[in-house]
């Protein structure tokens, strides 16, 4: 099993170049990473080389000791390409076994690796190198290693999410962690302030951001507990069991595999040039340039720029913009607002909830949505005018994907999804709910204001979701407070 | 391991020959996975040098002390020498084309690394393997080389440009040639006959107007040990593909995958192959990597630089023996094991593989035992056209009597 001598230097040179380039076009070197849980912005530079800027999380043990945790990540991202790196075989996920295996992939004797001249998306002529064991696999991997700059699971998971967004935006990785397109290894250690860093363990193969967070937090807790009880942390490799949320030792040091790598003799060195100007006139060696082709990277708006624009220009709250950007809805949102005059709040609310759920349901990317932007805009207008509820809107989306010849108006009509405009019907429903729940009415009158929500939900249920919740709630309040 | 394996594709070399109108007659015997220099370690049995037929009748040979064909591509050499085919391909990693060519009295050409595609060549040492061309005459070698040389997208190490076909220079101007005689190639064990022929040929070149001088290649003496380390390392890596899962022999217990691998590999490889895999894995251990593999790579660079220095100093070609002696006898060869014999037999041929330069073995004389004697010419990278022109001149001057087995047909008729 041969590997490439060039791989390490290749990664060090190619990937940071991409990042550096990405960084160049940013207004400031510091990038905003949104914490997915609380929505609070965290400042962090994308290329982490310095450990001096780290902020360390404090974990306070039962006896009041404050432990600091240090986390570093190693991320393997599969390169999005139509073919494998060294053979022309396909790379689709979930197709029949053995249909994407070339003679080379199956290691037939006499077959040799060759750089696939397959076009890489993302506006760059570049190819990257497989890291190691390739038999039966052979899809290119990017290896991205961070400095030990993270302090807790959420911190690290947020970075992974953002990195994923960047790679997906650049088109270099599809970012589907569940399919194994991105895997994370986390190095975790804890120590007391002022002490040298503790012995680290490595948790391997984390395949979701949730698992990154849970595994790291579990590992921090586990190490603190051992140290609190005067134990010793073993330098070991652990795996994460998502079922019970624990990390378990994978293999002990003695059994650590020695892969016995040697440089790959079948591929001549690949020379990387920033642009064509440095190309030697007469060179028979293989080369790539990082020059942009027509759809240059400069035109790509990176995730945090997108969020910034959403926040500054459209006043979309960060917690909404994170979701929009993560699901690739930035372009759609801008089109809806600028070309179709949709209300920004209505558009972001619908895209963030109903539309994301709809795409999820249809198992399609935003770019392949069965619903046209035109129809979606019309729906958002109708919603914004208060003529349908958000739950009805979801139904219309579902119908539109099947009956593409119908307009949303026609579907609303056909399904009878217009908002109940007859106030009497609403009042009748309210009366019915209040009459059926005298106990709740009593407790409301005693001051339990949250009962209002209970009533509202019941009324909306009777009205089959075709009513505006806040309108119904105010009517109920009016009635009860009389 | 591959006895019952039918490759699902043709090698580029084979394709090109077919495209050029050639007819493929068959496959030839050789040492298992090209590991050996006697063509005795094959699961199909040993290759017998056809020159034996001048001394023994067919049914006497097995009982006599017959001469070996050399290896590892001994079958190819024997087939060409016996006239069974006009040309054959061999694989040349440390001399496997030139060694049997020398013993069987034919031309054995190892072209520059990268001139011919290795796609379809079962790999031994990827960084040294070169498909070799074996023919009776230099002229035939040129025809074949022109047909198969050039870039192949399926082998990234092939030259980017396709080769412009060339013809031999029949009016070679020897007065403009400088031929080097490397001092270090006067190795122990070199037979008197070979030394004499070497000296006579050098004198002949000088008399014909060429400049002939002694040159020094101080690192050549490390060549075989260095070759052995690099070879074993690449073998260990290359041969991990032979698990018996995707193709090849499957004869093990299917209780566990690891056990299946182990048994397939135990039954599928001979001692020589297993020995090299074991050694290679040892050299590549993390703790040994620098001491063995990396060191050998550095020495390889020094050996290669020796050639560069000599060629840069104005020497056009190097003239050396191909083998120590004429074809050894079977009994003598079997006195030592495969590894010792390789370390001794490949002494003049491995340096060209280390440096990736072209080398050709040319039969020039008949020894006192009635067997062929050959010399080797080596030149700078991609100097085939001029190298073969000089080889052609030597061939013309020598008038080597090729093996003619027509008398066997007459005997059969009688």
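The backbone N, Cα and C atoms fix where each Cβ goes, glycine too.
Unlike curated entries, TrEMBL annotations are predicted automatically.
Going by TrEMBL, these are the annotated features:
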- B:2-388: domain 'Amidase' (DOMAIN)
- B:72: active site, charge relay system (ACT_SITE)
- B:96: active site, acyl-ester intermediate (ACT_SITE)
Rounded inter-Cα distance in Å - the residue listed as 'active site, charge relay system', the residue listed as 'active site, acyl-ester intermediate': 5
Cβ atoms near residue B:72 (active site, charge relay system) (within 10 Å, other residues, all chains): 34
Cβ-Cβ neighbours of residue B:96 (active site, acyl-ester intermediate) (radius 10 Å): 35
PLDDT averaged over every residue in the domain 'Amidase' (B:2-388): 93
